[in-house]
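J.: Once you've had a glance at the structure underneath, I'll fire off some questions.
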Amino acid sequence: MTTIKTSNLGFPRLGRKREWKKAIESYWAKKISKEELDQTLTDLHKENLLLQKYYHLDSIPVGDFSLYDHILDTSLLFNIIPERFQGRTIDDDLLFDIARGNKDHVASALIKWFNTNYHYIVPEWDNVEPKVSRNVLLDRFKYAQSLNVNAHPVIVGPITFVKLSKGGHQTFEEKVKTLLPLYKEVFESLIDAGAEYIQVDEPILVTDDSESYENITREAYDYFEKASVAKKLVIQTYFERAHLKFLSSLPVGGLGLDFVHDNGYNLKQIEAGDFDKSKTLYAGIIDGRNVWASDIEAKKVLIDKLLAHTNELVIQPSSSLLHVPVSLDDETLDTSVGEGLSFATEKLDELDALRRLFNQNDNFKYDKLKARYERFQNQSFKNLDYDFESVRTSRQSPFAQRIEQQQKRLNLPDLPTTTIGSFPQSREVRKYRADWKNKRITDEAYETFLKNEIARWIKIQEDIGLDVLVHGEFERNDMVEFFGEKLQGFLVTKFGWVQSYGSRAVKPPIIYGDVKWTAPLTVDETVYAQSLTDKPVKGMLTGPVTILNWSFERVDLPRKVVQDQIALAINEEVLALEAAGIKVIQVDEPALREGLPLRSEYHEQYLKDAVLSFKLATSSVRDETQIHTHMCYSQFGQIIHAIHDLDADVISIETSRSHGDLIKDFEDINYDLGIGLGVYDIHSPRIPTKEEITTAINRSLQQIDRSLFWVNPDCGLKTRKEEEVKDALTVLVNAVKAKRQE
């Protein structure tokens, strides 16, 4: 049989039990020294490298490990430092300040990484002097070598890096050309250190606009050819199909393609002869974004097809394994579902099984995985019938009529204030929840604690002067995991954590079966909170699109079917809240934009399905019940009309980290529904000033009708400290009170 090689694009940073997160947050809290942080992270990086070596990968990535974000690492590598942070030593503390902000300066913008739930720190080009200033990549490569690990460096490529940047007076092409000598310098340093090849991530080349980048892409890689480094470069794409004929014409040593999320196009291009056989093909055949075990037999068939059209083949995951949990080893799952799962470590095992089969004619591990997959597939998880047609998908009356009834019922002031939903999850809150889950305290003791915490924060909100209150979500660990624990058809793991942004980790539930609402999920806590105040308290739910996008979805049903199943379940909870007397119900959809396919040909259907699912979840309420929704961290221009079509009475949107850019999206649409554009950044410990909030309000009112405008933070306050929250909300309310007097 033909020999194949195995590789990886990236490995999770978090650690099996979030050691990475805990160390970084301990350093921020001044509980450990910088030396202790460095040692902990070095040990974790070593563990990651040696684990991948254990699974006989022919090449192991370095440069994927980071203290915060790999795009921010690249910014610091090339001295792309935001102007407000310039003049300081380029070190880890500067990196953290750019990412989080400090008492003097706001953080850089935080944006979704393509259509995933990972977020990157946006590079800023205003008044920068690019140069190679901090070559951590070289240091990490040499460290891997010291462990006798056959490593390859990973770096985001110049086309993608610049496209994901903002600011500066240069054109896109000029910025790329500015960076080319710097990339060359970095490449040369890595090659001189012994790098056999360098993985250059260019996922921007799978997007709709990729053809418009082809001229500058060719110019860039021709430059690298003239510098005698191009043959050591592998252009890596993922998340969608690439224009293979163009990529094959570039003078690089290899190409990386996604054969999982490409809708079959990349294989068709290979079979059509579009791949240059003089290059190495890095084939992403194992799903890097979902947790289901591979159909190992189908992967063997795919490899056979690829071998017929290549001279050198490397198999690997479809993308970095950053997007999946580390390992199943510590889980205690029902075998009926557990046998069908594969986390990052298990995906390496799948690669090893295929390597052994093709290179050594050793089918032991292959046969074992094949039998396991077949056992899982022989089970039935399609057991319920649904009546989608009987549920309303539009409100009874237009917004103009609804808002009159809602205002009469709620009696809200000019520029009403509210928060997005969650309040700080203190160590005490987390301890009580953990003790309850592990049966160390009784249900009664836990409920008493929750009620006390709810009551305390209702009073805090009233004292500050907010107009629409929330109960604080102290019973929830995560806005999706909470619903996954309570809805039928979901599985929640114990250690299935993935990185969302910075040290923020989430534990996505796994949808394995038909989704069903079986009992009220949030009614008790919300009704209790409402009993403590005359002000309206919002019911807080997560919408069907977000629950699906932030879960690991089942793959045996179309996405739309699963999404609508979730919508029916949320609709049941919405009606239960309304029946219990809750006047305002928020159904959050922060992930609606992130799920938008990278190719525009799929946008219309995705948005149509998303809008219908949201309406399925929210349209059955009476006119006087006010429906809110919330979205965050997104570039909304492409979907602004779909946002309007949701017909939510009020939508709140993150704008603070976009530094006002988002408001431009409303210039082309007459947005005639209620809206709150977040006026300060909750992801930073920095307390906003009254002037900053007033400026944000004034800018928003240039585009938004004052009678429709709400004032709120840009996201939930779960990750902030109590004093930070109280101080920031006090500033917000005082700014609004002053504005009302104008």
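Quick reminder: no glycine exception, Cβ is built from N, Cα and C everywhere.
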J.: Out of TRP125, TRP550, which one does Swiss-Prot list together with ARG18, GLU19, TRP20, LYS21, LYS112, GLU594 for 5-methyltetrahydropteroyltri-L-glutamate?
T.: TRP550
J.: Write out the long-range same-chain contacts of GLY421 (L-methionine binding site), meaning residues 6 or more apart in sequence whose Cβ is under 8 Å from its Cβ.
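T.: GLY421 (L-methionine binding site) has long-range Cβ partners VAL470, GLU473, MET479, LYS538, MET540, GLN586, ASP588, HIS630, GLY716.
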J.: So, in DSSP terms, is LYS21 (5-methyltetrahydropteroyltri-L-glutamate binding site) helix, strand, or coil?
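T.: DSSP call for LYS21 (5-methyltetrahydropteroyltri-L-glutamate binding site): helix.
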J.: What is the total of other Cβ atoms whose distance to the Cβ of HIS630 (Zn(2+) binding site) is within 10 Å?
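T.: Its Cβ shell of radius 10 Å holds 28 other Cβ atoms.
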J.: Could you give the Cα-Cα distance between TRP550 (5-methyltetrahydropteroyltri-L-glutamate binding site) and HIS683 (active site, proton donor), in whole Å?
T.: 19
J.: Can you tell which of GLU19, GLU473, ASP588, GLU594, GLU654 has the least company, meaning the fewest other C-beta atoms within 10 angstroms of its C-beta, among these binding-site residues?
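T.: Looking at the binding-site residues GLU19, GLU473, ASP588, GLU594, GLU654, the Cβ with the fewest others within 10 Å is that of GLU19.
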J.: Please report the DSSP secondary structure of GLU654 (Zn(2+) binding site), reduced to three states.
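T.: Its secondary structure by DSSP: coil.
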J.: C-alpha of LYS21 (5-methyltetrahydropteroyltri-L-glutamate binding site) to C-alpha of HIS683 (active site, proton donor): distance in Å?
T.: 15
J.: Measuring Cα to Cα across ARG18, GLU19, TRP20, LYS21, LYS112, TRP550, GLU594, which the record gives as the 5-methyltetrahydropteroyltri-L-glutamate binders, how far apart are the two most distant ones in Å?
T.: 27
J.: Of ILE420, CYS632, GLU654, HIS683, CYS715, which is closest to LYS112 (5-methyltetrahydropteroyltri-L-glutamate binding site) if I measure between C-alpha atoms? They're all recorded positions.
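T.: Of all the candidates listed, CYS632 is nearest in space.
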